[in-house]
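Undergrad: Submitted below is the structure of interest, expressed as structure tokens.
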Amino acid sequence: MAHQLRTAFTKNHKAFALAATSTATLALTLPTSAKCDDEILHAPTYNWDHLGLVASYDCASLRRGFQVYRQVCATCHSIQRIHYRELVGVTHTTEELVAMASEVDVVDGPNDEGEMFERPAKLSDPLPSPYANEEQGRLANGGALPPDLSLMVKARHSGQDYLFSLLTGYCEAPAGKEMMPGLYYNPYFPGGAIAMPPPLNDDGVEYEDGTPATISQQAKDVVQFLNWCAEPEADSRKRDALTYMTVIGMTALATGYYKRFRWSTLKTRSITYVK
Ligand code: HEC
């Protein structure tokens, strides 16, 4: 097969070269031309503090981000994959989270009589969802379902940059762009019309650490928090990687030393037996 291909190529190499060039030209031109009528603005790349090789999440920012989520986004969005206990030591202390959880009632059961009952939430419960089911969520939002935000940073292209741009990108629709009722113009959302009303306002929340709650500050904090939700293990993964790399590096040095200086003398010696 390979031989036949090679023969065919030598015979028709001009035709092959032409085909390859035109495919490459097509590949280069296609995405560009598709982007023109995409009606989508690509999010710029932001310099997030937590993205460095040895950088960790900023816990103060995570705490503020969780506050923004609870006070703003939680009206419409769930974060089902995160349980209160996972936030211990990340955003709040155990006592604070026990108190926060106990304010929410969850359905549990069945009890000994086969009845479902309500009880205050515990640390082992997931964060509460605003709607009982998908249909209720759609009904409350003009037919659009607010998606679960647990893995949202991973679910969208250029995750945190897109989310930050989406939250800060609401503006007037350009002239000539018809907006249907219940849709808002946002150039970062595919198609430009999103069913989510602009969620953030300046001073929409009051931060307990005194940070000015501008729209961009709230967006940065909540996106960092959502990033943590999607990758809670990021910090420990980086720490473990650093430990492994150090140990592997030291092992490599020791191996090199033994190979070069200890073992080589044994390997290169020559033993001569004299009669
Ligand atoms: C009033 C209800 C409401 C609030 C409050 C709200 N959202 Fe939404 N959100 C929606 C709806 C509805 C959609 C679905 C939009 C669509 O499909 O057009 C949505 C979609 C999204 C999406 C997905 C966009 C995509 O690319 O599909 C993200 C991310 C998001 N919201 C983040 C947030 C964050 C973060 C907050 C808090 C700062 C928030 N939302 C507050 C209703 C809300």
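Every residue, even glycine, has its Cβ placed from backbone N, Cα and C.
Grabbed the feature section from TrEMBL, which reads as follows:
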BINDING   CYS73, CYS76, HIS77, MET196  heme c binding site
DOMAIN    60-212  domain 'Cytochrome c'
Undergrad: What's the longest C-alpha separation between any two of CYS73, CYS76, HIS77, MET196, the listed heme c-binding residues, in angstrom?
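TA: The heme c-binding residues span at most 11 Å between Cα atoms.
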Undergrad: Based on DSSP, name the secondary structure state of HIS77 (heme c binding site): helix, strand or coil.
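TA: Note: HIS77 (heme c binding site) is coil by DSSP, not helix or strand.
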Undergrad: Note down the number of other Cβ atoms within 10 Å of the Cβ of CYS76 (heme c binding site), including every protein chain shown.
TA: 19
Undergrad: Name, in the order they occur in the sequence, the residues of the same chain whose CB lies under 8 A from the CB of HIS77 (heme c binding site) and which sit 6 or more residues away.
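TA: Listed in sequence order, they are TYR69, PRO130, PRO146, PRO147, ASP148, LEU149.
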Undergrad: Indicate the candidate from CYS73, MET196 with the smallest number of other Cβ atoms within 10 Å of its Cβ, considering only these binding-site residues.
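TA: Minimum Cβ neighbour count within 10 Å, taken over the binding-site residues CYS73, MET196, occurs at MET196.
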Undergrad: Using the CB centroid of CYS73, CYS76, HIS77, MET196 as the heme c site centre, which other residues of the same chain sit with their CB within 8 A?
TA: VAL72, ALA74, THR75, PRO146, LEU149, PRO199
